[in-house]
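Notes for the one structure printed next.
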Amino acid sequence: MDLFEYQAKELFAKHNVPTTPGRVTDTAEGARDIAAEIGRPVMVKAQVKTGGRGKAGGVKYAATPEDAYTHAKNILGLDIKGHVVKKLLVSEASDIAEEYYISFLLDRANRTYLAMCSVEGGMEIEEVAATKPERLAKVPVDAVTGVDLATARSIAEKGHLPAEVLDAAAVTINKLWELFVAEDATLVEVNPLVRTPDNQILALDGKVTLDANADFRQPGHAAFEDRDATDPLELKAKEHDLNYVKLDGQVGIIGNGAGLVMSTLDVVAYAGEKHGGVKPANFLDIGGGASAEVMAAGLDVILHDKQVKSVFVNVFGGITSCDAVANGIVTALNMLGDEANKPLVVRLDGNNVDQGRRILAEANHPLVIQAETMDSGADKAAELANK
């Protein structure tokens, strides 16, 4: 679960990570009141779970409460990369001498934790990695020994932070590691971590991702879930325990097994290159033991995505037999009625494939097109999405 910045800063405060005071609001009047309470210039910051807020006009400096009110009115309702701003963080502005970068994350490729630190903060870390790789330190972290003050200082040194701030930076880095472990996070990122003119270290912006698999031992994390900010299709999928991630393409994808679904995304993206650049619209894995009802629920989710122009169902029958999948498709189409108005390309193979294909053939639904192979199915789905 990705957190809003204000939620990340709540965790910073909980774990004694130094940051600037502030509060969240959903009105311009609230922004003015918070600025008046702080009594100093403030930053008015859009709360959206995406980058590029500053370039989109979602982060503004306000010298007075009235300035905060004006900026808040302009930012609320702003569309930033498809995310509509509904909340604002109003926090005390800080004098900045230098900007740094620090993060902890899971390094899945090497099956370890990783600290990343750079003296080049305040810019996209991908840009630093591409243009100044020598300025970005990547330090593996032992899960058993963790990050004590000495290790934290070493991370700061490797990130080329100035000698005069190493001790203060080490304390903050150590606290961020404690947060990372205690909250079962998969990412804790501060960009920028700043040095003030009097050599204080402050976390001015924060990004935290929590591991949903640890929810059973983190009951407090439920309070961070914002259903208003979650895509309604993802909420609908979650209600049916479907593994669904919305993407930005036009071809809906359903498969059984994460590996097959990932392969299907690649094949559809490749096919889309010759059909107007269409792309996959989602990741949806119905799992290894899915029933007809689960298949129907998956189709219900995808067919309600307005971006979807066609659907590719790619199933290799194993535990989930092809006849169960076929019955699920027929059930979903009957249930949706006139709401089902997008072509479905279906490729079935494996357990009970003949029965599955026969069920679809006998149903003779005008929207269903059967494909023999994954490649031909992906090509047909991409072609239909481009019409």
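Don't overthink the numbers, they just go from 1 along the chain as shown.
Every residue, even glycine, has its Cβ placed from backbone N, Cα and C.
Feature annotations, reproduced from Swiss-Prot:
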type    : residues                                 : note
BINDING : Lys45, Gly52, Arg53, Gly54, Ser94, Glu99 : ATP binding site
BINDING : Asn191, Asp205                           : Mg(2+) binding site
BINDING : Asn256, Gly318, Ile319, Thr320           : substrate binding site
DOMAIN  : 9-236                                    : domain 'ATP-grasp'
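Known features from Swiss-Prot, placed on the structure.
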{"residue": "Lys45", "record": "ATP binding site", "Cβ contacts under 8 Å, 6 or more apart": "Glu5, Arg53, Gly58, Val59, Lys60, Leu88, Leu89, Val90, Ser91"}
{"residue": "Gly54", "record": "ATP binding site", "Cβ contacts under 8 Å, 6 or more apart": "none"}
{"residue": "Ser94", "record": "ATP binding site", "Cβ contacts under 8 Å, 6 or more apart": "Thr20, Val194, Thr196, Leu202, Leu204"}
{"residue": "Glu99", "record": "ATP binding site", "Cβ contacts under 8 Å, 6 or more apart": "Gly121, Gly122, Pro192, Leu193, Val194, Arg195"}
{"residue": "Asp205", "record": "Mg(2+) binding site", "Cβ contacts under 8 Å, 6 or more apart": "Glu5, Val190, Asn191, Pro192"}
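Among the listed binding-site residues, namely Gly52, Asn256, Thr320, the Cβ with the most fellow Cβ atoms inside 10 Å is that of Asn256.
The full span of the recorded ATP binding residues, Lys45, Gly52, Arg53, Gly54, Ser94, Glu99, taken as their largest Cα to Cα distance, is 20 Å.
The local packing around Asn191 (Mg(2+) binding site), expressed as other Cβ atoms within 10 Å of its Cβ over all shown chains, amounts to 24.
With all protein chains in the displayed structure included, the most crowded Cβ environment within 10 Å among the binding-site residues Arg53, Gly318, Ile319 is that of Arg53. If you average pLDDT over the domain 'ATP-grasp' (9-236) in this model, you get 93. Gly52 (ATP binding site) is 44 Å away from Gly318 (substrate binding site) when you measure Cα to Cα. Spread of the substrate binding residues is 10 Å (greatest Cα-Cα distance among Asn256, Gly318, Ile319, Thr320). Distance from the CA of Asn256 (substrate binding site) to the CA of Gly52 (ATP binding site) is 35 Å.
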